[in-house]
Amino acid sequence: MEKREDLKSILPFLPLKLRSSSLVWPPSVVEALNSLSQGPLHSNVDSGEVLFIAISDIRSSLSLPNSSIAYSASHGFALFLDDLLPRAAAAKWFRVVVPYLATLLLKLPSLLETHYESADGGVLRGVKTGLRLLESQESGIIFLSQELIGALLACALFCLFPTNNRGAKRLPMINFDHLFACLHDHYEEVENKLKCIVHYFGRICSSMPLGYVSFERKVLSLECTPSCIPYPKEKNWSQSNISLCHIVITVSGLIEDQSREAIEVDFANMYLGGGALVRGCVQEEIRFMINPELIAGMLFLPCMTDNEAVEIVGTERFSSYTGYASSFRFNGDYVDKKDMDVLGRRKTRIVAIDALCSPGKSQYRPECLLREINKAFCGFMDQFKCHQYQQFLKDDGLLGLQHDQNVKDSGGRSIVNLLSLGHTSTSSQETEETSENQLIRREGHSHQPLDNQHEIGVVTGNWGCGAFGGDPQLKAMLQWIAASQALRPFILYCTFGLEALQMLDQWTVGELWNVLVEYSSQRSRGETRVGFFNWILPSLCSRDAMLNNSYDD
């Protein structure tokens, strides 16, 4: 174990010790966890106040300084578990759930050792999948069992992860102490976030799920290398003749509730999870509460830069909810009925992409348009189509170099073909149905069907608009262009019922990009203040008239 580079990179951020080639808890921690595992009659842990004292003792055994835990966390544990949680739920928490979590923590060393054994070829042969610090600019993938994730989140609940080097590595916080400490200032939404967390632990206590979750850092290369997709330039988007994909606008429903198989966009912070473990309670934070396994990625994924995205496949949803921001409320159990792929992951694909924050008028500048379109493209890229990107994008001048047909990880190993193990082909009937949603064909330039595999689209909405202050119409167009260039068959856009979108469906990526650049240039110079759709309607009418005249000729 001591020779493993992946373990070496993450070990400083774990509470375990490496001794004689084995991962272990210190003896005093084992003793404390054994006591907790036997229930409140043995441990006397029957309240939030006493639980926090037990947690503090374990932290002392791990030499974790008191200064590294949030002020008022102790009051938060007591307030939530003793006063806010219903009495019957609190009784079950201390009698059943806390002992179970202590037992799960005792298993953490063996769970990790089993994980590293399977990471040497048991999941994706020839590809590194072990838990490690997945550094910025390092494309790669990590596979974790849901049981291991449960143990890691139990560590976070008990605030056992070291925090001293996380800032230097640009890692988000992972312990739950700040979430409990926020109870006083942001009462109801934080209370309901904690209800989601407590519900998750109760669910895995009654029945531990046996699937897997993958966490992948996706990178657009800043250098032209034979094995990577490079970061596109403005002229590449301008010259693209890829047809715009099918777009569906829905004014009702949420991204996570759509039944069509698609990647679901997380309107992310550059630090994965954003305010999930503090007082934030908007789109990303809510998703991390109802799918708490997403939080595990905060342990090992440093913040994203402009050419990066994070894709997470397989997380299970455990909670229902209502509301948004201050009106967010836990609304009971949710049974996730998503199918599993052959790698044991739920077919829930979530991609985290961070938009520019408070861009103001600068969002219309060319460099900001390019940053946003490339961020979305990075998130929307489909590993199963990378060899097709190589051909299509090369033909359209986007790559500019002859590339290999496989994207490779940092170790030079092929990821694409191995990942396709988890992507099953469809029946001829399904293929026929899928063809209705293929890329819209433009006269004189139509794509052949990509393959017989089921096509996975994009489900998104007003990315980077609300708290981040982006222009919703601009962001809608940028995401549509990016999804089309990523060869996604459709984009389902939630909460944006503007009919003008349907008038654009015969344009190419390059045409719409050039129109968007012209509009943004006028906005930046102050020559127009109207929204994109009002600005473009006269152009559409003129274009339609010109086309009709050409047909008459």
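Counting begins at 1 with the first residue displayed.
Heads up, the Cβ atoms here are built off N, Cα and C, so glycines get one too.
Here is what TrEMBL says about this protein:
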{"type": "DOMAIN", "residues": "87-217", "note": "domain 'PARG helical'"}
{"type": "DOMAIN", "residues": "235-502", "note": "domain 'PARG catalytic Macro'"}
{"type": "ACT_SITE", "residues": "ASP266", "note": "active site"}
{"type": "BINDING", "residues": "ASN269, GLN283, TYR324", "note": "substrate binding site"}
{"type": "ACT_SITE", "residues": "GLU284", "note": "active site"}
{"type": "ACT_SITE", "residues": "GLU285", "note": "active site"}
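Residues belonging to the domain 'PARG catalytic Macro' (235-502) score a mean pLDDT of 79 in the model.
Broken down by DSSP into helix, strand and coil, the domain 'PARG helical' (87-217) contains 69 helix, 12 strand, 50 coil. For the active-site residues ASP266, GLU284, the largest tally of other C-beta atoms within 10 A is found at ASP266. Distances between the Cα of GLU284 (active site) and those of the recorded positions ASP266, ASN269, TYR324 are shortest for ASP266.
Counting only same-chain residues at least 6 apart in sequence, those with a Cβ under 8 Å from the Cβ of TYR324 (substrate binding site) are CYS281, VAL282, ILE286. Taking a C-beta cut-off of under 8 angstroms and a sequence separation of 6 or more, GLU285 (active site) has the following same-chain neighbours: LYS193, GLY273, GLY274, GLY275, ALA276. Sequence-distant neighbours of GLN283 (substrate binding site): residues of the same chain at least 6 apart with a C-beta under 8 Å from its C-beta are ILE255, ASP266, PHE267, GLY461, GLY466. Within the same chain, residues at least 6 positions away in sequence whose Cβ sits under 8 Å from that of ASN269 (substrate binding site) are GLY275, GLU284, ASP354.
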